[in-house]
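Asks: Sharing a structure below in structure tokens format, with a few things to ask.
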Amino acid sequence: MSAKKSTAQRLGRVLETVTRQSGRLPETPAYGSWLLGRVSESQRRRRVRIQVMLTALVVTANLLGIGVALLLVTIAIPEPSIVRDTPRWLTFGVVPGYVLLALALGSYALTRQTVQALRWAIEGRKPTREEERRTFLAPWRVAVGHLMFWGVGTALLTTLYGLINNAFIPRFLFAVSFCGVLVATATYLHTEFALRPFAAQALEAGPPPRRLAPGILGRTMVVWLLGSGVPVVGIALMAMFEMVLLNLTRMQFATGVLIISMVTLVFGFILMWILAWLTATPVRVVRAALRRVERGELRTNLVVFDGTELGELQRGFNAMVAGLRERERVRDLFGRHVGREVAAAAERERSKLGGEERHVAVVFIDIVGSTQLVTSRPPADVVKLLNKFFAIVVDEVDRHHGLVNKFEGDASLTIFGAPNRLPCPEDKALAAARAIADRLVNEMPECQAGIGVAAGQVIAGNVGARERFEYTVIGEPVNEAARLCELAKSRPGKLLASAQAVDAASEEERARWSLGRHVKLRGHDQPVRLAKPVGLTKPRR
């Protein structure tokens, strides 16, 4: 199956190459085909493009129909001959004259009528409900217009040739009307394709009227009826007339039926295949867009250009992506307010009040002389300074897999080991504290901050009420880190840690710290042995 491609697949590839209308292509055009232009294209250029395309499609479809009709009346049913058995003024005068007149007048009138129905889009304004209705009716009106011109031609030629020989009546009645139905069906499909940009603009104003949107099934059955059902009925009528008139030999009748059957089969297949191809295009566009969303491209948005269930599919995709964007925005805001780790934990588990005992390391950071800082600078400068200060804190805490639990004025409380567990939270906390102290000296020499590090058992969880709570940690290490931060403000390096936290760290991290004397911290009964880092950058003079 993979080695041999079907005829339909080969034809599909040809059309995809010509029109680039395929979801397999890396850059799927907004309207499904580059022939229809870009969404940002000016209305004037779009009008010219669509008018030229419609005229070309209408003329081409009619020329093909005329060629098939000529084939049917001359070769499929050769007797009586329209050349030998009819006057020359009719075959070489009236017929070509009407064909040229109808082709020129019909192409101009139908194209102009379609452009008039799209006047609202050309003027760049929102359509009224009636204008929206006329826009969606445009393909049907083009098809009906072709049926009228071909119907007049059928009546005229059948009458004129029938006056000469009544054997011409069934031939022209069937052949011309048969081709007219095929041409009308083809122009309907082509017009619907060409008007996609305007249909998209109309759909932005609201869904199409329900009676103009029969759906995929209704549209498919109508095309089948006009492209295959009616021609088959015509074949049956031709056979019935032949049974009555008996003006063909058995071989001539068989040849005629075979030719007409082949024409019906081929053109019916082509029409149904084009319909299926046009129907599949929006699905392919959605599929390509889904792949982009899977890659995380949530800015993906589709142009809704179909008035059937396929348009609902495109609209539903846009609603889905809008919901995903909103969800991602809320997730981002949630993570910024409570911390990425807390937000991720809240998504994984059902949030509830209470907590659990955890072994964590705590880093408390507070700016030295914050009161003087606030009174000596304009408020805007203070906010800018604080944002730069906290940016350093957040950057280093995130880099060491910690959590900035809260900002308290010009201070911050960071946790290592909750809510996400760490193999050795002391290592991460001590390394982050050293990095913050070093960066503050180098990047913000005008702003000094005391840093305290402690470790131990705490209760970590959601504290508050059911309507409003926040994730935090409660325990002795938090108080100890705050007291060490106060003490560090008056010490060289502005960074102190408890010996207990340093002792619990890895050998590599312990080598970066030196133990000092015991100090009784405010609010503590037992003295705490201090530790300070070695090799920190000294403050600039």
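Even glycines carry a Cβ here, placed using N, Cα and C.
Straight from Swiss-Prot, here's the annotation block:
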TRANSMEM  57-77  transmembrane segment
TRANSMEM  90-110  transmembrane segment
TRANSMEM  144-164  transmembrane segment
TRANSMEM  167-187  transmembrane segment
TRANSMEM  221-241  transmembrane segment
TRANSMEM  257-277  transmembrane segment
DOMAIN    278-329  domain 'HAMP'
DOMAIN    361-485  domain 'Guanylate cyclase'
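Give me the structural setting of these features: burial, nearby parts and distances.
Replies: Note on the transmembrane segment (90-110): residues 54-55, 58-59, 62-63, 66, 82-83, 141-142, 145-146, 149, 152-153, 156-157, 160-161, 164 of its chain, located 6 or more positions outside it, place their CB under 8 angstroms from a CB of the stretch.
Taken residue by residue, the domain 'HAMP' (278-329) breaks down under DSSP into 38 helix, 0 strand, 14 coil.
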Asks: Using a Cβ-Cβ cut-off of under 8 Å, list the residues of the same chain that are 6+ residues beyond the ends of the transmembrane segment (144-164) and lie near it.
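Replies: For the transmembrane segment (144-164), the sequence-distant neighbours (Cβ-Cβ under 8 Å, at least 6 residues beyond its ends) are 58, 62, 65, 82, 85-87, 90, 94-95, 98-99, 102, 105-106, 109-110, 113, 171-173, 176-177, 179-181, 183-184, 187.
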Asks: If I take every residue in the domain 'HAMP' (278-329) and average their pLDDT values, what number comes out?
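Replies: The predicted confidence over the domain 'HAMP' (278-329), as a mean pLDDT, is 79.
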